[in-house]
């Protein structure tokens with residue numbers, strides 16, 4: 001009998017077990033597409049980023065002009081830059097939907113996969129933040145100043161830590177060069193963590209919309225889900241290319257068309273849209289350390305989901321109370337995102353504070369309470 005190379009070759013069999021013969025639940029919906037879409041985002045960002053890095057100069061006197069030169073004089077430089085800038089937005093859209101899916105269907109009960117996923121989110125946020133500083137526009141500079149300054153709220157070592165991160169007494173050339181180094185490095189860290197994430201996922205297999213074991217009814221990944229993934233790729237890439245070609249600056253900040261000036265502060269300092277929810281939570285507490293702790297908690301709270309799961313059912317598919325809370329949480333995050341983009345004045349201050357309180361209340365109090373109540377109602 002001929003040797004089946006796909007199943008016996010040391011390297012090919014790993015790929016085969018992950019992408020071809022992987023046993024997959026037969027009923028996973030389009031919400032399960034976002035993992036592979038994140039993979040495509042990562043590859044796109046690394047490729048476009050590498051091409052941009054070939055023309056970028058990490059120096060305060062040259063950075064802004066090097067980006068302008070790229071868009072004007074490099075073949076398709078404008079397109080590569082627009083794809084990279086908007087690709088970051090799609091990366092976050094996909095990861096937020098992916099996390100939302102995980103919460104709704106109880107995927108967080110695969111604890112190792114979930115924890116690596118949260119670490120991936122934190123790494124992605126760090127990568128996006130340091131990358132945003134590189135074009136050295138006004139909002140790049142002041143965003144870097146404001147966010148790095150938050151570390152000075154850490155008692156005793158805070159100020160030393162910030163000056164160590166800056167490489168001086170303010171955001172300047174050393175800061176820019178180290179941010180470029182980090183922005184180059186971190187995507188490869190993300191790629192490595194992704195492999196760990198998949199390794200843990202393939203230990204248990206995928207969850208499914210019913211939240212029940214599906215071992216009795218598995219189908220091979222290829223051709224079924226490989227085809228389904230390609231459809232997802234096409235749809236996302238159409239949206240990304242449309243955004244990059246028709247309105248590339250829609251999600252950016254107009255302040256970044258002005259070179260960084262340490263002597264002029266923009267009227268409203270705000271991060272990119274994908275950080276606005278966390279920024280709103282940070283601003284809702286009128287104390288520096290308290291705000292920083294709330295900011296950290298807004299993302300780190302994801303680590304607690306496996307511990308807060310009190311329901312006898314895994315997924316929310318048949319749990320209407322939890323569903324109502326889930327969609328309230330989604331609406332709440334949209335409100336936080338909107339408030340984060342508004343100036344610090346009445347009524348936005350109180351709206352932000354109420355939305356921040358309800359964010360933590362829903363996750364830490366109401367989700368477990370609803371689960372216990374549903375167990376009682378169903379006599380489980």
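Note: Cβ is positioned from N, Cα and C throughout, glycine not excepted.
Transmembrane segment is the annotation Swiss-Prot gives to one range among 158-178, 179-199, 200-220, and that range is 179-199.
Per Swiss-Prot, the stretch carrying the note transmembrane segment among 114-134, 135-155 is 114-134. Looking at 34-54, 55-75, the range tied to transmembrane segment in Swiss-Prot is 34-54. Range annotated as transmembrane segment by Swiss-Prot, chosen from 258-278, 321-341: 321-341. Counting only same-chain residues 6+ beyond the ends of the transmembrane segment (227-247), those with a CB under 8 A from a CB of the stretch are 30, 33-34, 36-37, 40-41, 44, 79, 82-83, 86-87, 89-90, 94.
Cβ environment of residue 98 (heme b b566 binding site): 34, 35, 38, 117 lie under 8 Å away, each six or more residues apart in the same chain.
Sequence-distant contacts of the transmembrane segment (321-341) (same chain, six or more residues past either end, CB-CB distance under 8 Å): 100, 103-104, 270-271, 273, 275-281, 283, 311, 348, 351-352, 355-356, 358-359, 362-363, 366-367, 370-371, 373-374.
With a threshold of 8 Å between CB atoms, the same-chain residues lying at least 6 positions outside the transmembrane segment (289-309) that come near it are 99, 103, 106, 108-109, 111, 114-115, 118, 121-122, 125, 150-151, 153-155, 277-279, 281-283, 356, 359-360, 363-364, 367-368, 371.
The two recorded residues residue 202 (ubiquinone binding site) and residue 183 (heme b b562 binding site) have their Cα atoms spaced 29 Å from each other. Residue 197 (heme b b566 binding site) is 24 Å away from residue 84 (heme b b562 binding site) when you measure Cα to Cα. Of the listed binding-site residues, namely 84, 183, 202, the sparsest CB environment within 10 A is found at 202.
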